[in-house]
Amino acid sequence: MFPFYSCWRTGLLLLLLAVAVRESWQTEEKTCDLVGEKGKESEKELALVKRLKPLFNKSFESTVGQGSDTYIYIFRVCREAGNHTSGAGLVQINKSNGKETVVGRLNETHIFNGSNWIMLIYKGGDEYDNHCGKEQRRAVVMISCNRHTLADNFNPVSEERGKVQDCFYLFEMDSSLACSPEISHLSVGSILLVTFASLVAVYVVGGFLYQRLVVGAKGMEQFPHLAFWQDLGNLVADGCDFVCRSKPRNVPAAYRGVGDDQLGEESEERDDHLLPM
């Protein structure tokens with residue numbers, strides 16, 4: 001009796017465990033399934049999906065049209081949009097009747113990028129009724145670089161359905177995640193300034209140590225070439241005077257002075273005619 005009871009308990013536990021695992025698997029949220037066999041996806045695409053991970057928990061909406069032709073587009077990055085049962089990454093909802101159309105699904109995701117943009121494509125949407133050879137819909141989301149926002153400005157751009165095949169819905173969105181990493185580098189002026197400051201520091205410290213340890217100087221005399229720096233102002237003034245002046249400083253006078261001994265006695269009658277009569 002005991003072996004049978006033990007087997008029955010073990011079987012019940014295994015059954016409950018299987019049900020729990022199944023429920024957990026069903027409730028687990030779907031994510032992007034890149035094109036290609038499992039484990040053989042492009043490493044570049046996997047890196048781009050990881051790069052967009054901060055957007056996984058965000059949902060984006062945009063409303064277009066008017067009246068009975070008003071549609072709401074709901075988009076999520078590598079997460080289910082809409083009713084969470086169709087595996088859709090982007091859906092279209094007719095506002096007048098609430099009909100939901102899957103534009104693209106997560107299980108057919110393709111992603112690539114350029115210098116300042118990322119292109120996310122969801123394929124496998126609901127089939128067209130009369131357009132594009134009744135092929136499945138496809139969503140193309142162009143994520144452009146905008147360093148001032150994590151994600152914003154999700155808007156539909158156009159729907160290309162005038163072709164026999166390869167039709168698509170085009171959307172755009174801004175995100176800082178699409179921007180290339182900023183490469184910080186010093187300008188030429190900064191490099192020269194750093195170099196000059198380094199040379200000055202080496203000169204002052206090295207000269208100070210030399211004056212103190214080798215020469216045995218004390219106080220202000222430890223500063224290297226102290227006499228030169230004290231007289232620098234005069235040297236600069238002399239140099240400016242030499243460069244800027246066009247004539248020598250001591251120019252001989254163009255006239256010669258007359259001494260008192262060379263002056264004759266003036267006649268007192270010279271101005272008599274100016275006196276009033």
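We number each residue from 1, going along the chain as drawn.
Note that Cβ sites are derived from N, Cα and C of the backbone, with glycine treated the same way.
Summarising the annotation, Swiss-Prot assigns disulfide bond to Cys32-Cys78 (among others). In the three-state DSSP classification, Cys78 (disulfide bond) falls within coil. Applying an 8 A CB threshold to same-chain residues 6+ apart, the list for Cys78 (disulfide bond) reads Thr31, Cys32, Val49, Leu52, Phe56, Gly89, Leu106, Thr109.
According to Swiss-Prot, the disulfide bond annotation covers Cys132-Cys167 (among others), on the basis of sequence analysis. On its own chain, Cys132 (disulfide bond) has Arg161, Lys163, Val164, Gln165, Asp166, Cys167 as residues at least 6 apart in sequence with a Cβ closer than 8 Å to its own Cβ.
Swiss-Prot lists Cys145-Cys179 (among others) with the feature disulfide bond, giving sequence analysis as the kind of evidence. Its Cβ placed at the centre, Cys145 (disulfide bond) has 16 other Cβ atoms within 10 Å.
Taking Cβ-Cβ distances under 8 Å and a sequence gap of 6 or more within the same chain, the neighbours of Asn57 (N-linked glycosylation site) are Arg79. As annotated by Swiss-Prot, N-linked glycosylation site applies to Asn57 (among others).
The feature N-linked glycosylation site is assigned by Swiss-Prot to Asn83 (among others). Sequence-distant neighbours of Asn83 (N-linked glycosylation site) (same chain, six or more apart, CB under 8 Å from its CB) are Glu100, listed in sequence order.
Shown in sequence order, Thr70, Tyr71, Glu100, Thr101 are the residues of the chain, 6+ apart in sequence, with a C-beta less than 8 angstroms from the C-beta of Asn94 (N-linked glycosylation site). Residues or ranges marked as N-linked glycosylation site by Swiss-Prot: Asn94 (among others).
As annotated by Swiss-Prot, N-linked glycosylation site applies to Asn107 (among others). Long-range Cβ neighbours of Asn107 (N-linked glycosylation site) (same chain, at least 6 residues apart, Cβ-Cβ under 8 Å): Lys30, Asp33, Gly87, Gly124. Asn107 (N-linked glycosylation site) falls within a strand segment according to DSSP.
Summarising the environment of Asn113 (N-linked glycosylation site), the number of other Cβ atoms within 10 Å of its Cβ, over all protein chains shown, is 17. Reduced to three states, the DSSP call for Asn113 (N-linked glycosylation site) is strand. As annotated by Swiss-Prot, N-linked glycosylation site applies to Asn113 (among others).
Annotation source Swiss-Prot lists region 'Disordered' at 256-277.
Among the features that Swiss-Prot reports, signal peptide is placed at 1-26.
Taken from Swiss-Prot, the feature topological domain 'Lumenal' covers 27-185, and the record attributes it to sequence analysis.
Annotation source Swiss-Prot lists topological domain 'Cytoplasmic' at 211-277.
Marked as transmembrane segment by Swiss-Prot on the basis of sequence analysis: 186-210.
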Task: DSSP three-state assignment (helix, strand or coil) for Asn94 (N-linked glycosylation site) - done: strand
TODO: Using a 10 Å cut-off, grab the number of neighbouring Cβ atoms around the Cβ of Cys167 (disulfide bond), all chains included.
DONE: 18
- [ ] Measuring Cα to Cα, tell me the gap between Cys179 (disulfide bond) and Asn113 (N-linked glycosylation site) in whole angstrom.
- [x] 10
Open item on the list: Given a 10 Å Cβ-Cβ cut-off, pick out the one of the disulfide-bonded residues Cys32, Cys179 that has the most other Cβ atoms nearby.
Closed with: Cys32
